[in-house]
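Taken straight from TrEMBL:
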type     : residues  : note
DOMAIN   : B:37-600  : domain 'Cytochrome oxidase subunit I profile'
TRANSMEM : B:54-76   : transmembrane segment
TRANSMEM : B:114-137 : transmembrane segment
TRANSMEM : B:149-168 : transmembrane segment
TRANSMEM : B:199-219 : transmembrane segment
TRANSMEM : B:239-265 : transmembrane segment
TRANSMEM : B:307-324 : transmembrane segment
TRANSMEM : B:331-351 : transmembrane segment
TRANSMEM : B:363-388 : transmembrane segment
TRANSMEM : B:400-422 : transmembrane segment
TRANSMEM : B:434-460 : transmembrane segment
TRANSMEM : B:472-491 : transmembrane segment
TRANSMEM : B:521-542 : transmembrane segment
Amino acid sequence: MITMNAQRNKIHPHKYSMWIAMASITMMFVGFTSAYVVKRSQANWLSFELPAIFWVSTGLILLSSLTIHLALRQFKARSMGSYKSLITLTALLGVAFAVCQVIGFSDMKNHGLALDSTVSASFIYVIVGVHILHVLGGVVVLLILFFRAYRIRVRTYSAVPIEVAATYWHFVDGLWIYLLVFFSLAR
Amino acid sequence: MSNEATLHSQDLLHHGHVEHGHGNGHDGHDHHHEETFISKYVFSMDHKMIAKQFLITGIIWAIIGAFFSVLFRLQLGYPDATFPWLESILGHWAEGGRITAEAYYALVTMHGTILVFFVLTAGLSGTFSNLLIPLQVGARDMASPFMNMLSYWFFFLASVIMMSSLFVQTGPASGGWTSYPPLSALGDASIGSKIGMDLWLISMAIFVVSSLLGSLNYISTILNMRTKGMSMTKMPLTIWAFFFTAVLGVLSFPVLLSGFILLLFDRHGGTSFYLSELFVQGKVLPNEGGSAILYQHLFWFLGHPEVYIIILPAMGMVSEILAVNSRKPIFGYLAMVGSLFAITVLAFLVWAHHMFVTGLNPFLGAFFVLLTLLIAVPSAIKVFNWLTTIWRGNIRFTPASLFSIGFVSTFISGGLTGIWLGNSAIDIHLHDTYFVIAHFHIVMGVSAFFGMFAGIYHWFPKMYGRFMNQTLGFIHFWITLVGAYLIFWPMHYEGMAGMPRRYFDYSTWASFNQFGGLNQFISFVVIIVFATQLLFVFNFFYSIFKGRKLTSPNPWEATTLEWTTPIHPGHGNWPGEIPEVHRWAYDYSKDGKDFIPQTVPVSPEESGH
């Protein structure tokens, strides 16, 4: 409808928007983790070991970053079959990650660390929970890309949507690594 | 490519458009695209239509929010009088014609929430960033028109939820627009802390999403979609102001959201982020280990940048309108940009000056005093530059330029009292008094409204192809200016005498009886000023349909790109090619010419900038 090619785009505006969105999401987690730091320095802080399954989920999300990276390469090479199976695998790994986190929650609950037990546990539930929502948001995006790839009539050759999705996926991956390191160091 | 030829062909296209009289909004595009009522007016992806949606929604909110202030001013001015008509609109909230204490707090809270967020954030930045960014940087539309549409509809959803909270049985949120816990965290604390508070939090969370979607678009449009020749330093100051506003929003609203999420868990998840050792209605609560001050840190980390989110767009528009109507280049363009940048950086470093009396470490307070007072420097630079811009200018007095001058006036008189309040020692006496009310209403409320009015009068011809009525505009300006000072100036004295804010009835304190007459006077002026705003609303809607029509595409003889579009630009803004930019936006009264549009190439004989 509207042609944009008259304009000189150094970097695609959607990619740019994604970077700003990531800055914004980062600020939200900076807010959470600074609240955590402030609370930790006050009385009644109970410190405990993170559930072991969080390390499994870390492995899963790292692996998913690898698969989405390969998916992007396959898309650019136009081998659509392996592209489709790779984004499916990425989405499944994302779901598996979320499941592991929830198992971690029930581990904590079984050890007497329910959501309303102590403020240090509450923080883990809320922060990790909000992060899970961000991962699941990425899974929804992957599903949209997946169904797009099956539409015969509209063939897209632009890699921009997949690049934007991959950037976001690496971001939520990195965000989890940050949270894991943060929770391990600032207990 | 000759720009003259481009302009000329645009004129031809434009005239053709008027003669044929079909306003399908797609002139100049190759394929014809049928637009339905729904896609043109409701789920529109055209930034100009989205701007109008934000504006009209904002106007409706402004009427409601201002009307609430009239209601609670009736209580403050006439605490003993009864108004039977109040009972007929508020029901049991005004039994016997007198507002109840609960209703009073709900009205005050909703007045603040509505004006700060729904009018002066969404209504101001949402309207003018949407309208002006693509038009002034030379883009067909926003970076993502779809996200832009979502931004408005998230705002609409937030509005519907906030509006519905006014009608629940226990009333809307009533713990102040800041929603401090524990009052906001415990449903038993007051009736306004029940379902009304939940609706408030949900509405605000959706509002944050709307604001983020909008700001993302504004930033990537400004950085990525500028037309050929439009370098950053050739952008009008409006665009710079919208840019910094969006940066502030993107970085500070998410922190508010994290604060709200923790608050929601305290309300419903049994957590104790903000709660510790509390008694409610004789019962001891199990919550331990929380800190109410933590919420204040998270809230004011947004809350302070928020006041700049409100004022920066107004500053940008005022800079532009003053230059156009003084027929002079803006004085100190780079200093204006630099001070906007300085304000943006400092905005993130001063939040604790809202918390001087919460038990903050006095040594920490000293740093926040210093950083707060530093904001006076860029603010003073801006004021100086506005005054030197109109100094010895060939001033055209339009409602827009008068409101811009009014903005400078209120920004000075309200900003100066900020120096008092920014000092932690004086703040011990002045905090939570009417002095604070006077300060932020003049510097943030009235100034931002003046900027908004200036913007509406100035760009109304671009929005609707018609002018607003000038005489009504002048009446609106003078009554509003005088009225605003008459309302808020006396509050400084009340505050210095120690009169606290947020009280329902002062008549039981002998020390404040001296202000009984003054409070009556303020309330009386409030009613007059409110009626005058209705005059503006009438002028606005009447002019959309019956205003004087534009005869030329550039009615104010301005240099910026939005006036190179046809009078009724379609979706895509320019029927032909997007014009190329060759000069900055402020070539007024240069080399014997009244103004030189940005699209005119620099000729070799021209004097330097």
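Backbone N, Cα and C atoms are what each Cβ position is placed from, and that goes for glycine too.
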Residues of the parent chain within Cβ reach of the transmembrane segment (B:307-324), under 8 Å, 6 or more residues beyond its termini: 116, 120-121, 124-125, 128-129, 236-242, 244-245, 248-249, 252, 330, 336, 340, 343-344, 347, 382, 385-386, 389-390, 400-401, 404-405, 407-408, 411, 440, 443-444, 447-448, 450-452, 454-455, 458, 556-558, 560, 585-586, 588
Best-contacting stretch, by C-beta pairs under 8 Å, relative to the transmembrane segment (B:331-351) and drawn from B:114-137, B:363-388, B:400-422, B:521-542: B:363-388
Positions on the same chain near the transmembrane segment (B:149-168), where near means CB under 8 A and six or more residues out: 43-45, 50, 53-54, 57, 61, 110, 113-114, 118, 122, 126, 195-196, 199-200, 202-204, 206-207, 209-211, 213-214, 217
Beyond the flanks of the transmembrane segment (B:434-460) by at least 6 residues, Cβ under 8 Å: 55, 115, 120, 123-124, 127-128, 131-132, 307, 310-311, 313-315, 317-318, 320-321, 324, 398-401, 403-404, 406-407, 410-411, 413-415, 417-418, 420-421, 466-468, 473, 476-477, 480, 484, 487-489, 491-492, 494-496, 499-501, 536, 540, 543, 547, 556, 562
Cβ-Cβ under 8 Å with the transmembrane segment (B:199-219): same-chain residues at least 6 beyond its ends: 113, 117-118, 121-122, 125-126, 129-130, 133, 142-144, 147-148, 150-152, 154-155, 157-159, 161-162, 164-165, 168, 172-173, 179, 242-243, 245-247, 249-250, 253-254, 256-257, 260-261, 263-264, 267
Contact check, the transmembrane segment (B:521-542) vs the transmembrane segment (B:54-76), 3+ Cβ pairs under 8 Å, seq sep 6+: yes
